[in-house]
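Peer 1: Sharing a structure, written as structure tokens. Questions coming.
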Amino acid sequence: MVAFGKKLKESQIQEWQGYYINYKLLKKKVNRYAQQLEIGAQDHHYVLKDFSRMLDSQIEKIVLFLLEQQGQLANRLCDLREQHDVILQLSNGGSKICELQEAYRGVGHDLLRLLFFVEMNAIGLRKILKKFDKRFGYRFTNYYVKTRANHPYSQLRQVFRHVGIGAVVGAISRNLADLQDHQGNYVSIYDQPALSHPDPIVHSIKAAVNKLSNSTNFLEFLGKHAFIMQDDLPSPSEDDVAEQRYHFMSLLLNLVNTFLYMVNTYIIVPTADDYSLSLGAAATVCGVVIGSMAVAQVFSSVYFSAWSNRSYLRPLVFSSIVLLIGNTLYALAYDLNSIVVLLVGRLFCGLGSARAVNRRYISDCVPHKLRMRASAGFVSASALGMACGPALACLFQTDFKIYKLTFNQETLPGWIMAISWLVYLLWLLISFREPPQEIKRDIIPQEVRAGTVVNYAVENGITQPLLLNMEPKQGENGDQEYDDGEDESCEKTRKPVTSIVSAYRLLTPSVKVQLLVYFMLKYAMEILLAEASVITAYYFIWSTNSVAIFLACLGLTVLPVNIIVGTYISNMFEERQVLLASEIMVLIGILLSFHIGIPYSVPQYVGSALITFVSAEVLEGVNLSLLSRVMSSRLSRGTYNGGLLSTEAGTLARVIADGTITLSGYFGVAKLLNATLVPSLFICISSIIATCFTYNSLY
């Protein structure tokens, strides 16, 4: 791609200039619409209709030019095919083969120019749609894309899915492979694909095509659930850096860390009340036992996020050691008969939370083409750990001693997790590969020096009618807007924030509401899960096995629910509609959970718990999907990133929820259920009201 950028000619730039989407013209039109609407000269219906017509016209111009260029490339490939067939008949055609290879590479370079053309127009189209939505406060993008993308005569689909380019890529790849790998032999790559060594130009083309490819709906939805913010189209230099730093086993170890930590979090939930009673404390102290891990995680998330700026291996090693110590202390508390040791053990477990490192590794060290899958893997590992934790508690129905150490259903979770973290630590030390730090420090300078296609084109004016001096600035509502005439470098908008105060200033009102919603759903889920053992023992006399099975079944709903939402519901409704509907369903689940008047029954508890948990899971996926789009791109990197902010909001919710359970215990177990549901009800109603006030800005 770098070599291609250097070969661009000024005459070629000028030749294609008139076929780019005219961002400057469209932006002026948006401003004119705003003025007309303010004075009442036009109505919204006319604005939508007229702007849609203008975009259709712009896209038609792009698509027809794209088809014309594809036709020219196809004609050149046909001519080269004839020459190829002639060379096959020659006994000694070595020099001709070299010439033919260069000719195919020339077609490849021109194809790269065409891919760049598609990329820049796709970026311009997305930006003008985003600007229109922000200016007028409603989701024109959703209407325009949905009505155009699936129509049988859609030209928008040509821009985003680059139909027809695949055939050109295939012809170039196949013929270059035949000429390069099998001179004098000409064995087809279809027959012996293992013999093929793709030409460098083919690698460049495939990389460009991958940048323009869209993920499936479910994969994208599940990946955003991890809240690993991603740039729409990263520069080639950034992707090259990620390729060099990527190591599959290291990624796998990060996902295993995520899985084990979630198991560690939930494995004690079914037995925490019994353990508290065994040590002479009240059953409701289980809220403190469970919540102490979350308290420590509030602080550990910050220093692990900062540590990941310099290293990935060392924080993961530290995490494993601290968790090993924490689980050992948790298990020893029984024989020491000390609630303090129990709480210290759980605090150590929270101090070992490396989820910030896991997210950061995926964001920094996984190539863009694999990042969505890795993000979905992160979510899947978390969900699996959440289900496996309580399920494992079912297997610990035993009681024996080795020397002075007791092994029973209360202590076995600690011993099993301590052994698991020891095995993981050994695996980590053997198999993890630390990404090269010198590359990490040089990401920005390398991007400047690389002379990539995008940078070269911007410097030489190819994007003038498309992205002329478009720089993000803070709008009246705190949203990023793109304006003309700004002289500041766009690199400033890509720099990470350096303090929590700076990060907070980048939060728009709609983002703050989204974080409130995230706080609410985590609070409601923690109340439900953490007090399950106490509530079910009091009302239904459930055994530890019954509680564990119930919690495991709840955890197993995570992935199926996200599949349904990501595949079907998100395609039928706007995400803000799903968001509001899910909040209302959480509210209904909370209301149904109250014990008022009639005897409390198993169907009422299980049904209300299922409604609350499933609705909260739907809400979490949609909420984080919206957050990943509306949060500032500056919060996608650095210590104080969007992932850290969302983690802190969720962790703080868990801390307060667990504290609520313990404090409510002073009123007695009989009043525990209603006492803990009242704050959930209040927070849920507040989040619904806040969502309604910012509904038009959620897109």
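Each Cβ is built from the backbone N, Cα and C atoms, and glycine gets one as well.
Fair warning: this is a prediction, and the values are worked out from it, not measured in the lab.
Got these off TrEMBL a minute ago, pasting:
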type: COMPBIAS; residues: 478-489; note: compositional bias 'Acidic residues'
type: DOMAIN; residues: 2-146; note: domain 'SPX'
type: REGION; residues: 471-490; note: region 'Disordered'
type: TRANSMEM; residues: 251-269; note: transmembrane segment
type: TRANSMEM; residues: 281-304; note: transmembrane segment
type: TRANSMEM; residues: 316-333; note: transmembrane segment
type: TRANSMEM; residues: 339-357; note: transmembrane segment
type: TRANSMEM; residues: 378-400; note: transmembrane segment
type: TRANSMEM; residues: 412-432; note: transmembrane segment
type: TRANSMEM; residues: 515-541; note: transmembrane segment
type: TRANSMEM; residues: 547-569; note: transmembrane segment
type: TRANSMEM; residues: 578-598; note: transmembrane segment
type: TRANSMEM; residues: 604-627; note: transmembrane segment
type: TRANSMEM; residues: 672-696; note: transmembrane segment
Peer 1: Do we see three or more Cβ pairs under 8 Å linking the transmembrane segment (281-304) and the transmembrane segment (578-598), pairs being at least 6 apart in sequence?
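Peer 2: Since fewer than 3 Cβ pairs under 8 Å link them, the transmembrane segment (281-304) and the transmembrane segment (578-598) do not come into contact.
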Peer 1: Any chance the transmembrane segment (316-333) and the transmembrane segment (412-432) have 3 or more Cβ pairs under 8 A, given the pairs are 6 or more apart in sequence?
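Peer 2: Contact between the transmembrane segment (316-333) and the transmembrane segment (412-432): present.
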Peer 1: Between the stretches 251-269, 339-357, 515-541, 578-598, which wins on the count of C-beta pairs under 8 angstroms to the transmembrane segment (604-627)?
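Peer 2: The listed stretch sharing the most Cβ pairs with the transmembrane segment (604-627) is 578-598.
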Peer 1: By Cβ distance under 8 Å, which residues at least 6 away from the ends of the transmembrane segment (672-696) in the same chain are close to it?
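Peer 2: Apart from its flanks, the transmembrane segment (672-696) reaches 137-138, 284, 509-510, 513, 516-517, 519-520, 523-524, 527, 531, 534-535, 538-539, 576, 579-580, 583-584, 586-587, 590-591, 593-596, 600, 657, 660-661, 664-665.
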Peer 1: Are there three or more C-beta pairs under 8 angstroms joining the transmembrane segment (578-598) and the transmembrane segment (412-432), sequence spacing 6 or more?
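Peer 2: Contact criterion not met.
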Peer 1: Considering pairs 6 or more residues apart, do the transmembrane segment (378-400) and the transmembrane segment (251-269) have at least three CB pairs under 8 Å?
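Peer 2: Yes, the transmembrane segment (378-400) contacts the transmembrane segment (251-269).
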Peer 1: Any idea what the model's mean pLDDT is for the domain 'SPX' (2-146)?
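Peer 2: Averaged over the domain 'SPX' (2-146), the predicted model reaches a pLDDT of 74.
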